[in-house]
Amino acid sequence: FVAESVWCLKKDLEGLGSGLEIRVGRVGDVLKQVLEGYKEKSDAEVTGVWMTSEEGVEERREERDVKRIMNQEGMEFRLWTDEKYFIDENAQLTVVFSRDLPFTNPSDLPDIFTSFRKTVEPLREAPRRTLLTPAKGTLPPLPPSVPPQAAPFTIPSTLSEIIEALHKPLDKDLDLEDAPKMPPNTTSVMPFHGGSQAGRNRTHALITNGSMSGYKDTRNGLLGTDFSTKLSAWLALGCITARQIHWDLVDFEDGKTALGASAPGYGDGENKGTAAVRFELLWRDYMRLCTRNFRQRLFHVEGFRDDSAAQWKYVSSPYSASSTSAKGSGDARTRHVLQRFLCGTTGTGLIDASQRELFLTGYTSNRARQNVASFLAKHLGIDWRLGAEWYETCLVDFDVSSNWGNWQYVAGVGNDPRGQSRVFNPVKQAVDYDAGGEYVRAWVPELRDVGRPIGGGSTTTTAGSATTTTTTTTAGGGSAAAAGSTTPAAPRHSTSKTGSTRPPAPPSYDPHTSPESLMGVFQAWRLPSEERRRLSLSGVEWVLDPLVRIDFSVNRRGGGSAKRGFGSRGRGGGGGGGGGTKADRKGRGKGKGGRGSWRGGDVVGATAEAEAEADAGGMDREGS
């Protein structure tokens, strides 16, 4: 996706009479090589370097490196504000914080998203106009000659060669001990290509087919291409901008153009779906502004809240510097648990399906992302940054601020006003949002035939929420009980492509009449022994020994104190280690670890977007 996007930019610039040179190496090293190359040429010279500003720690370090080099050479250096966001920004390096935000300093940013949102509402009137596309011939052409790529690298001449070169140094399994394999008859919900034209086409298709207007009602889906916008990958790379999306929606809402003329809501003004899309776009802005405000704290285990009370379980090499502390005695167990989490063999269906989908396709839904983050941080008590770094490794829509900011949010150390008290129950979430268990069955093929004839197809079902009581037991002792939500939920609809239509399920497992029958899909340890034998699951570790056992029963009322999954067992029980993920990432996290990112599973590529609204209305909604 990245290669396609860069190649598209190259072709776009060439079409305007300009061009793009691609280089391999650190930004500072490449710049030095280019400058030295032009010192030997008489047909061209370098007078200055312009860059687009970024917020991440590593990105800002690159900007400083370039500025230092240009100052040494006595040449101009200019940093331009990025224009791809929803609310206009003007000058992160001047006294004025923004042209369109009522702040004079980054530290004035509200700590809660809802408070921030109220300062810029109404959102439909907030964004500035988009910039015009340059006309052909208005951009300068490339110089007659350009210094070549420095050895030992060479620059491929075609897109396919670039993709091959990018993949060549990578281990196909990313060092996983038991990497997932693509399930039969299952396809990615993110089958799109990179590039500005592809992003614009996607935006227009969503408006035309009514998905934008229906977004608020469908955004928590798990299967299919149109339940969410999936514009986050294009937004993260700048292929399209938030303002382009906004003004396309305005044209649709006002009926100004033919775009979406046959879709519901055309010419009727802003509707709840298009308003929700703008909400998500603003969430991306907020996460970026949080990065500007908190800087390196984006990668600190204590988070924006500077929360040092919670003790996390860490791992040592290869994920971070080896521990010499006595607390490191549990590292082997934590590493094994982490490997199972990354491979999607935790024994919790929704988590495993999402982790396998992520590894195999580079995408997983926002609803699933929040559950995965909560599971690692609050059920397993493991350093949340390991999950954030894994997402950075895998996500096609990775955005540094959205990813790391949203992992903090769900881990309870970020901007969530509920902090540590917000814990997702992945079983109840599966019951609410994975009708018939079709999502889990699609990505965990071992469970595809639970309650169904071997080798049959799939069914399409709907499911609602129910009053529940749950008890969580972790592999390591302790439990946490939490009363389920009693808020009724609208039916959700999910489908999966898993083969031909399946014969009617046995009555005892029929998901249409017995939600309890799905418990074996959502937690395989609950499968009866005869069903495990029938499915050849009798000796499978994640079936017999799940990382977490959640004693969940549909429509069973009960009490119990709402405790986090690290109360009696302790989040740092087997801790130790230096934290973080890779030794070479130490600059990201206060010398403790690496970086990762997310909240981009949708139009905004944000994560806890609607969660941020919970502080205002107590709503039980967390996804984009």
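Heads up, the Cβ atoms here are built off N, Cα and C, so glycines get one too.
Here TrEMBL flags Tyr215, Ser228, Thr229, Lys230, Leu231, Ser232, Asp397, Phe398, Asp399 as FAD binding site. Around Thr229 (FAD binding site), taking its Cβ as the centre, 25 other Cβ atoms fall within 10 Å, counting all chains.
Sequence annotations record features per position, and here TrEMBL assigns compositional bias 'Low complexity' to 459-487.
According to TrEMBL, the compositional bias 'Gly residues' annotation covers 557-581 (among others).
Feature annotation from TrEMBL assigns compositional bias 'Gly residues' to 594-603 (among others).
Per TrEMBL, the feature domain 'Photolyase/cryptochrome alpha/beta' maps to 1-85.
The feature region 'Disordered' is assigned by TrEMBL to 453-515 (among others).
Annotated region 'Disordered' per TrEMBL: 555-624 (among others), in sequence order.
Residue density at Asp399 (FAD binding site): 29 other Cβ atoms are found within 10 A of its Cβ, drawing on all protein chains shown. Around the Cβ of Asp397 (FAD binding site), the number of neighbouring Cβ atoms within 10 Å comes to 27. For the domain 'Photolyase/cryptochrome alpha/beta' (1-85), the DSSP-based tally of helix, strand and coil residues reads 44 helix, 10 strand, 31 coil.
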